[in-house]
Each structure stands twice: as C-alpha cells, then as structure tokens.
Amino acid sequence: MEGQRAQDALDAALAASHSCDHCGYRVAYKSQLIRHMRKHTGEKHGEKDYMCGDCGYRVAYKSHLIRHMRTHTGDKPFKCDQCDYSAALKVSLDRHMRKHTSEKPYKCEQCDYSTVRKYDLDIHMAKHTGEKPYMCGECGYRAAQMFHLTRHMRTHTGENPFKCDQCDYSTVRKSDLDIHVAWHKGEKPFMCGECGYRTEYKNSLTRHMRTHTGEKPYECDQCNYSSVRKGALTRHMAQHMDEQAL
C-alpha cells in the first residue's frame, strides 16, 4: 500500500512536471527547471532568476524579490517602538531610529555638518567641491544629484507625473502638487514660528520671515536701496531708468 501511494505521488509529480524545451528533461518544480536551464544558457547562479510579475523587475535572490514586492503591496513589517513609523526595509527603520537617538554617523571632513544618511552627505559634499556629475544629453544641463537631472529631463519630455485627483492639473514636481492640493482644501501648511502667520506657499513664508529678521536680499546696484521683495526692487530700478531718460 505504501509503495502504491509513493508511486501515485511520483506519477502525479511527473504529470504536473516542467520539461526542458532543449532536451526534454523533466522535473516536478519550476525552480529545478530554472537551475537545469543554466546548462543550456551558460547562465551562472545568482544572475537574476526571480522576476516580479507586476513590473518585470528581476533579482538574483528570492529574499530580494520578497522585499521588492512590498513596493506593490505597501507592506511595512518593520515598526518603530517609539512612534508610529513603519518601513518596508530594515535599513530604513535603522536610519529612522537615529532620529530618536540623535545619531548622525556621516560627517563632513570640511565642516561640522553631519547627517543620518550617506546620500545626504554626498549631496552636501557636492556643495564643497562644486561637482555636478549628472549631465543632460539634450541641452548640457548639469546637476549635483541624479534626482535633479531626472526632474530636469521632464522639461524635454513634457512628462508631468504628479496629477491632481480633483482637477486636470499635473506637474513635474511633487512639492508643487502638494501646494496645489492644499489650495483645493483651503489649507495653509506653512506657519511662522515667530507670530503664527500661515500661508499656502513656502516661498511666501520665506518672504514673510524677512519681516522678523530684517533681511533685504534684493539690492540696487546704483544706490544703497535694498528690499525684501524682488518686485519692489524692479519698481525701484524703473525709477532710475526714468531719471536717466530725463
């Protein structure tokens, strides 16, 4: 009886088996067929056998595919025990925890800047060196960060990936969409810590803060006039032009 059950199981496995198109070799499991196919293709172990069915992304290891799939499912199994933050990757949680500990392991050798992320340090170092390694093949624009080049390329392609779900507005930058959506909601997310002034736009808050600091960055090159607003300087310069015309 046991022998018959074993034979039945074997027959079932063979009936549902995977076969090689090159030589007819048959196996019960697809993973075994993938390993076998390397004999024909010359592919070495670890050369991205695992593919995401949603987007075609390929990886060498199953654990990497599982991690990638979280970008589609939204699963965030790594949770902070000090706040409600959660992450898809353990490395993201480790980085987040430094906010609680105030640890900033990445330090600039040229000044006292330090940061939680190596990526941020790389961006900071570009300010010291002036290096802009990323170049646009269309117009020669150069950027210190790949992110900035990607955003710039949309000016050539016309791509506006960030779309409003309440109207037909779309934009190149997520920050612009956030401001636009706040306008729909009547929100004013940017607040002055000095007086409580609120505004829809970050640049409006920056301009407002100058009323507290006394900063007047727009300076006339013909006299000692300076202004908080660029528009005010433009109007002032027009007065010089009128004087010269007389």
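Every residue, even glycine, has its Cβ placed from backbone N, Cα and C.
Automated prediction, rather than curation, is the source of TrEMBL annotations.
Taken from TrEMBL, the feature domain 'C2H2-type' covers 18-45 (among others).
In the predicted model, the domain 'C2H2-type' (50-77) has a mean pLDDT of 81. As annotated by TrEMBL, domain 'C2H2-type' applies to 50-77 (among others).
Taken residue by residue, the domain 'C2H2-type' (78-105) breaks down under DSSP into 12 helix, 4 strand, 12 coil. Annotation source TrEMBL lists domain 'C2H2-type' at 78-105 (among others).
Sequence annotations record features per position, and here TrEMBL assigns domain 'C2H2-type' to 106-133 (among others). Applying DSSP to the domain 'C2H2-type' (106-133) sorts its residues as follows: 12 helix, 4 strand, 12 coil.
The domain 'C2H2-type' annotation in TrEMBL covers 134-161 (among others).
Here TrEMBL flags 162-189 (among others) as domain 'C2H2-type'.
Taken from TrEMBL, the feature domain 'C2H2-type' covers 190-217 (among others).
Distant neighbours of the domain 'C2H2-type' (218-245): 207, 210-211; these residues of the same chain sit at least 6 beyond its ends, with a Cβ under 8 Å from one of its Cβ atoms. Per TrEMBL, domain 'C2H2-type' is recorded for 218-245 (among others).
Only residues 6 or more beyond the boundaries of the domain 'C2H2-type' (134-161), in the same chain, are considered here, and those with a CB under 8 A from a CB of the stretch are 123, 126-127, 170-173. Below 8 angstroms of C-beta separation, residues 175, 179, 182-183, 226-229 of the same chain, each at least six residues beyond the ends of the domain 'C2H2-type' (190-217), sit close to that stretch.
When Cβ-Cβ distances below 8 Å are used as the criterion, the domain 'C2H2-type' (162-189) is approached by residues 151, 154-155, 198-202 of the same chain, each at least six residues removed from its ends. Proximity of distant same-chain residues to the domain 'C2H2-type' (78-105), defined by a Cβ-Cβ separation under 8 Å and at least 6 residues beyond the stretch ends, is recorded for 67, 70-71, 114-117.
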